[in-house]
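Visitor: Supplied in structure tokens, the structure appears directly below.
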């Protein structure tokens, strides 16, 4: 009977027992159940080695973060207190017209500032890196710049006899020096050497704000502060004792265009002129930046369209694996 039942079973279901749940096929480990994906039970999840931080660890990290923030705040407060204890004042930030992203220098102010330098500052300070040709197209025409250069006698030579001679200035000449050498400059200014003003705005922290504040910041020394003879109190100058007498005051000169020469106006104009002297490419740099922004506005959409045209087909392409037959 058992042999007959087994024969009938093989006849109906086949030799491998296909169709019976749990029937295992020869040559396969685990039979049909080996093809099923393993299930992640709650017990299996709880046995994972990567668990979240505990409550104590969270509290410790929060405490460390609060301590770090408190230490940083204390350091900033102590640094500010030390800076506030200094007697030197930091210049405020003034609303200059050329501070805008696309704003240019005030060329009318540059012209007035050159007049201030020529009539007031050039008696002590040099500008070794600025020539008369640099003024052309900025604040003077070529004819006006030539006339300014011809007002100055420049030493040239040697001539055919081997001697130096004096000639009228040319556009290629640089601004004349007030002193022949640094020793003569110190001797004429009680031992102080007047700095060159060609790059003074870029060389001082605060730029034109510092120049304006220094020129308008002269005042009487506070009670208890004594200065030796020949020094003046200026809170914006390092050490507060400066050897330069107050160079400007109201009506120190008369502008050619009739602008009232108040102290603040004179300081503003000469600071703008020195700003241009330190960075003559200021307007050109911003003009090129504007052109680059316009070009980028045209190129970015074109680049995006080319990227979409190039990669949209590749991104939507599907790969199918076809096993060899």
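Cβ from N, Cα, C; glycine included.
So Swiss-Prot lists the following for this protein:
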type	residues	note
BINDING	121, 124, 125, 244	heme c binding site
DOMAIN	108-209	domain 'Cytochrome c'
TOPO_DOM	85-287	topological domain 'Mitochondrial intermembrane'
TOPO_DOM	309-325	topological domain 'Mitochondrial matrix'
TRANSIT	1-84	transit peptide
TRANSMEM	288-308	transmembrane segment
Visitor: Max Cα-Cα distance in Å among 121, 124, 125, 244, the residues listed as binding heme c?
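Guide: Overall maximum Cα spacing for these binding residues reaches 11 Å.
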Visitor: When you average the Cβ positions of 121, 124, 125, 244 for the heme c site, which other residues in that chain have a Cβ within 8 Å of that mean position?
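Guide: Filtered neighbour residues, in order: 120, 122, 123, 194, 197, 247.
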Visitor: Sorted by position, what residues of the same chain at least six away from residue 125 (heme c binding site) have a C-beta under 8 A from it?
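Guide: 117, 178, 194, 195, 196, 197 - these are the non-local Cβ neighbours of residue 125 (heme c binding site), listed in sequence order.
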Visitor: Helix, strand or coil for residue 124 (heme c binding site)? Use DSSP.
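Guide: Where residue 124 (heme c binding site) sits, the three-state DSSP reduction gives coil.
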Visitor: Including all protein chains displayed, how many Cβ atoms other than that of residue 121 (heme c binding site) lie within 10 Å of its Cβ?
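Guide: For residue 121 (heme c binding site), the count of other Cβ atoms within 10 Å is 22.
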Visitor: Please list the DSSP helix, strand and coil residue counts for the domain 'Cytochrome c' (108-209).
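Guide: Final tally across the stretch: 40 helix, 12 strand, 50 coil.
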Visitor: For a quick check of packing: other C-beta atoms within 10 Å of the C-beta of residue 124 (heme c binding site), how many?
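Guide: Residue 124 (heme c binding site): 19 neighbouring Cβ atoms within 10 Å.
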Visitor: Taking helix as H, G and I and strand as E and B in DSSP, count the residues of the topological domain 'Mitochondrial matrix' (309-325) in helix, strand and coil.
Guide: 8 helix, 0 strand, 9 coil
